[in-house]
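Student: Please read through the structure below; I'll follow up with questions.
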Amino acid sequence: MTLHLVLLVAAALFAVGLYGALSQQVVVMVMMGIELMINGVLLAGGALWWFLSPTPDGQTVLLVVLAAMTVEMAMGFAVATVVHRSRKSDMTDSATDLHG
Amino acid sequence: MITAILFWVLTALAVAGGIAVFVVNSMARATYALAVSFVAVGAMIVMLHLDYIGVITILMMLMEMAVMAVFMVMFMGMNPALMPMDMTHNKRRSVILAVLVFVVLAAAIVFIPWPNRTGSPADDLTKSLGDAIMGSKMLVMLTISPVLFATIIAALVLANPKGRYDRYGDALDRRDVDGHPDPDDPIPGGLG
């Protein structure tokens, strides 16, 4: 297990998540893609911390990433609820009002 | 040796689980695939000696997947395990962009001359994290706390089925003939 290998795994997770966030129509599936991307960031952060500078302070950055994950999930579900209530649908294509 | 085998097994589970999320044809299976991917990543974080963060990730993600499954059943209005579906758009361009991002990131990872390790880990990493967030890094926690609180309020306001604009329309100071608030409630009463 080296820094390069872990970062490559994290990059793979990020890329897969990006594909999901861009290609999925259902709001919850888009959220799954974003979750995967943040998970990749978390793994990369852990690897950088352990292999480059394993000081106690660095761990707090990972806590911030975890908090971002939580906020994304909560707000995503809330937006999905609003879209479903107003459009009777949970598809991103039904909420393109701001599309230029 | 065992560490290397474990790492590759977890890598396979994490990446294959992540890909499976968008390949399997039902949302329930996608949720389970994502849970597998998250548990594998959590275990990898534990392997990086971040026991606390790794365990928190696993616990949080398992609960999140359970909540996600409930939301899917609620919104899809069907048994998602039995309903094959393909709800995608821009599939080809998304694949190209994702591969491109991976190639760029991989090139950066391989070609960047990473610095040597500086500093040494504390004896008890979980305790050192606790000391950091209760001491020199308390500002981080003080910032995260109001953000999470604001998230709770914002999520509740968004998810609230009958907000004040639903009850009063555009005229929030609408009054009846007696001067009392006159909301458009299906059942009258409450706090007005």
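First residue shown is number 1, and so on along the chain.
Any Cβ shown, glycine's included, is placed from N, Cα and C.
From a predicted model like this one, the values you see are computed outputs, not experimental measurements.
Pasting the feature list from TrEMBL:
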- B:6-24: transmembrane segment (TRANSMEM)
- B:31-50: transmembrane segment (TRANSMEM)
- B:56-75: transmembrane segment (TRANSMEM)
- B:95-114: transmembrane segment (TRANSMEM)
- B:134-159: transmembrane segment (TRANSMEM)
- B:172-183: compositional bias 'Basic and acidic residues' (COMPBIAS)
- B:172-192: region 'Disordered' (REGION)
Student: Counting Cβ pairs under 8 Å to the transmembrane segment (B:31-50), which of B:6-24, B:56-75, B:95-114, B:134-159 comes out on top?
Tutor: B:6-24
Student: Who are the chain neighbours of the transmembrane segment (B:56-75) in space, where the CB to CB distance is under 8 Å and they lie at least 6 residues beyond its ends?
Tutor: 27-28, 31-32, 34-35, 38-39, 41-43, 45
